Amino acid sequence: MQGSLMLDIGGTWLTAEDRQILRHPEVGGLIIFARNIEHPAQVRELCAAIRAIRPDLLLAVDQEGGRVQRLRQGFVRLPAMRAIADNPNAEELAEHCGWLMATEVQAVGLDLSFAPVLDLDHQRSAVVGSRAFEGDPERAALLAGAFIRGMHAAGMAATGKHFPGHGWAEADSHVAIPEDARSLEEIRRSDLVPFARLAGQLDALMPAHVIYPQVDPQPAGFSRRWLQEILRGELKFDGVIFSDDLSMAGAHVVGDAASRIEAALAAGCDMGLVCNDRASAELALAALQRLKVTPPSRLQRMRGKGYANTDYRQQPRWLEALSALRAAQLID
């Protein structure tokens with residue numbers, strides 16, 4: 001049975017302390033960062049070592065493209081999503097990019113990348129910027145839908161982020177508590193559109209650590225109004241809800257790590273991420289042990305179903321995707 005906590009490790013191999021914490025059944029996933037990565041073979045070995053201890057863990061990474069891609073040496077340098085949108089055949093290129101990303105990520109033993117970004121580029125948020133496909137909500141939904149088709153064709157579940165949209169809030173939730181003061185109706189007409197259009201295609205969503213004070217005084221990731229009433233109720237979304245990193249400044253409004261993971265799960269998150277802070281991860285773990293949470297079975301849907309080896313580079317679709325992205329001058 002998978003647990004409700006996703007955490008991280010400090011280096012390129014498992015320490016004795018890492019092995020010990022991963023054995024706790026409350027731990028359900030592990031996310032890797034650039035510090036954990038040297039080259040594809042090393043990542044493959046790391047994933048195998050993790051699965052030897054806990055074969056049921058979800059193994060994740062942020063491999064969006066552009067400036068947010070942790071897997072670099074030995075991997076294709078993916079373009080920023082905004083660069084794709086600038087091409088006349090953007091929909092086709094987005095699908096190629098989604099397939100290529102998902103194939104490479106799964107080939108080293110990881111299950112999923114937290115992608116695609118569904119935020120809109122309103123030219124306000126530096127933390128979103130070129131990570132977004134577009135400022136136009138319908139076109140963003142179209143291109144993100146193509147990216148998701150590529151991911152699904154490669155066997156990877158898709159996670160849209162950051163619900164209900166981070167693009168209007170100017171502050172960076174990694175270091176501050178952003179606010180979006182617009183009304184719910186304004187948000188419905190713009191930032192919520194990609195999430196609404198793609199609710200039936202997405203396997204998971206990640207809410208924003210942003211406060212929308214006209215809707216709820218809590219950040220979206222701690223808000224039953226956003227997660228239960230709007231996402232589950234109105235949009236009929238039945239996939240997994242991952243919290244964004246509960247160590248980020250935007251989550252600190254709720255209290256310590258134990259309070260944060262408890263609040264996230266109570267609001268409707270299925271799994272809470274606690275990264276870059278082992279002491280906080282241990283606090284969250286202790287809270288889950290006390291709460292005796294039973295994670296939903298839908299977490300199993302997030303397991304990768306694609307290549308677990310390197311022969312994908314001989315596949316016609318790989319060569320086709322590379323050729324198309326090179327022709328558009330999106331990759332080297």
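Counting starts with 1 at the first residue shown.
Yeah, the Cβs are placed from backbone N, Cα and C, and that goes for glycine too.
Summarising the annotation, Swiss-Prot assigns active site, proton donor/acceptor to H174 and lists sequence analysis as the type of evidence.
Residues annotated as active site, nucleophile in Swiss-Prot: D244. D244 (active site, nucleophile) is surrounded by 28 other CB atoms, counting those within 10 A of its CB over all protein chains shown. A strand conformation is recorded for D244 (active site, nucleophile) in the three-state DSSP classification.
Reduced to three states, the DSSP call for H162 (substrate binding site) is strand. Cβ neighbour count for H162 (substrate binding site) (all protein chains, 10 Å cutoff from its Cβ): 28. If you look up Swiss-Prot, you'll see D62, R70, R131, K161, H162 marked as substrate binding site.
Swiss-Prot lists D172 with the feature site 'Important for catalytic activity'.
Straight-line distance linking the Cα atoms of D244 (active site, nucleophile) and R70 (substrate binding site), rounded to a whole number, equals 17 Å.
Listed in sequence order, I32, F33, A34, N36, I37, V61, D62, Q63 are the same-chain residues at least 6 apart in sequence whose CB falls under 8 Å from the CB of R70 (substrate binding site).
Annotation for the binding-site residues D62, R131, K161: lowest Cβ count within 10 Å of the residue's own Cβ, D62.
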